[in-house]
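Novice: I'd like to ask you about the structure that follows.
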Amino acid sequence: MFKQLEYSVITVMMEHPPLPHTSTKMAAFGHTFPFYAGPKPTFPMDTALAVIITIFLTALVTFIVILPGIRGKMRLFWMLRVVTSLFIGAVILAVNFSSEWSVGQVSTNTSYKAFSSEWISVDVGLQVGLGGVNITLTGTPVQQLNETINYNEEFTWRLGENYAEEYEKALEKGLPDPVLYLAEKFTPNSPCGLHGQYRLAGHYTSAILWVAFLCWLLANVMLSMPVLAYGGHMLLATGIFQLLGLLFFSMATSLTPPCPLHLGTAMLHTHCGPAFWITLATGLLCVLLGLAMAVAHRMQPHRLKAFFNQSGGEGSVLEWNPEEGGFLSPRYWSTAESPEPQDIPLSEASSETCCKEEHPREPDCAP
């Protein structure tokens, strides 16, 4: 009986020989080992950042189209104000959704995937933002082990998102070892404590930046009205809130000692990313502009009003022109430009008529 069973097994193996080496590695989806279906085609840029940049570029192009309708020096002043304001607003929104507040990159030789002893040469990148972590893995060269090694994975902890569940899904997909290793360091149960540290910093820094964006909106409204001093104050508040956000992020991320990130034969170190530095530059710009407007309002208020295409001041005189629509069409004259009162001599006939109407019994009014 056992001989018949052994013979049957040998016969089946001879009729159906094993597949090549690359196909016997538990390839659940095609020839990708072991479980992951392969890199998905991704948009070359974060969709949130793409939407923000598109909106502000559209607004800028719209203002440039109507620019020829402005004459004289006001064209340059108007263009400078619009570009500066749009730049500040775009930066505040973009850095809020950016994943490059703390970044790091290293080139190393490391293991590729679970249940495999194969090592690969890769560039590993780590980007930590206010709302999550982005991990990139790029082979050098990209084609290794008969595969395309080019991964870009995001793990978020924003409100309504569960980082632990996203990490479990990554384990089920069978992501490469370097990606899973870095993602595991930011899980809530990791002894490094990076999850609570960066999650707290991200939530509060994002809230402070939203306040800065609100101050920017109020500054634009006030600068379009004859309250330039308050507009400068709101611009100053915009910069202060940005700097406060940076201060809180720096303090929150430095509460615990840095966690060592070993990847194969190298160690990954993180540092402040582009989003941090551009927020710092924009915050300082807003503070300087706000202080400059405050000083100009004290020293040269007329030039400040001219720069913002506003005329008139506290000592303005209101003159109504009935020919231009009465009270619906007011004309404003400054004190310096208001016409001086002139004595208009009355004719003798008009003076006699006026005298008779007011004092008919006086002898001086007799003809």
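Note that Cβ sites are derived from N, Cα and C of the backbone, with glycine treated the same way.
TrEMBL lists these features:
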{"type": "COMPBIAS", "residues": "354-367", "note": "compositional bias 'Basic and acidic residues'"}
{"type": "REGION", "residues": "331-367", "note": "region 'Disordered'"}
{"type": "TRANSMEM", "residues": "48-70", "note": "transmembrane segment"}
{"type": "TRANSMEM", "residues": "77-97", "note": "transmembrane segment"}
{"type": "TRANSMEM", "residues": "207-228", "note": "transmembrane segment"}
{"type": "TRANSMEM", "residues": "235-255", "note": "transmembrane segment"}
{"type": "TRANSMEM", "residues": "275-296", "note": "transmembrane segment"}
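Would you situate these features in the structure and describe their surroundings?
Specialist: Residues 81, 85, 88-89, 92-93, 95-96, 234-235, 237-239, 241-242, 244-245, 248, 279, 293, 297, 304-305, 308, 310, 312 of the same chain, all 6+ positions outside the transmembrane segment (207-228), place their C-beta atoms under 8 angstroms from a C-beta of that stretch.
Away from its own ends, the transmembrane segment (235-255) comes close to residues 88, 92, 101-102, 197-198, 200-202, 204-205, 208-209, 211-212, 215-216, 219, 223, 276, 279-280, 282-291, 293-294 of its chain (Cβ-Cβ under 8 Å, at least six residues beyond either end).
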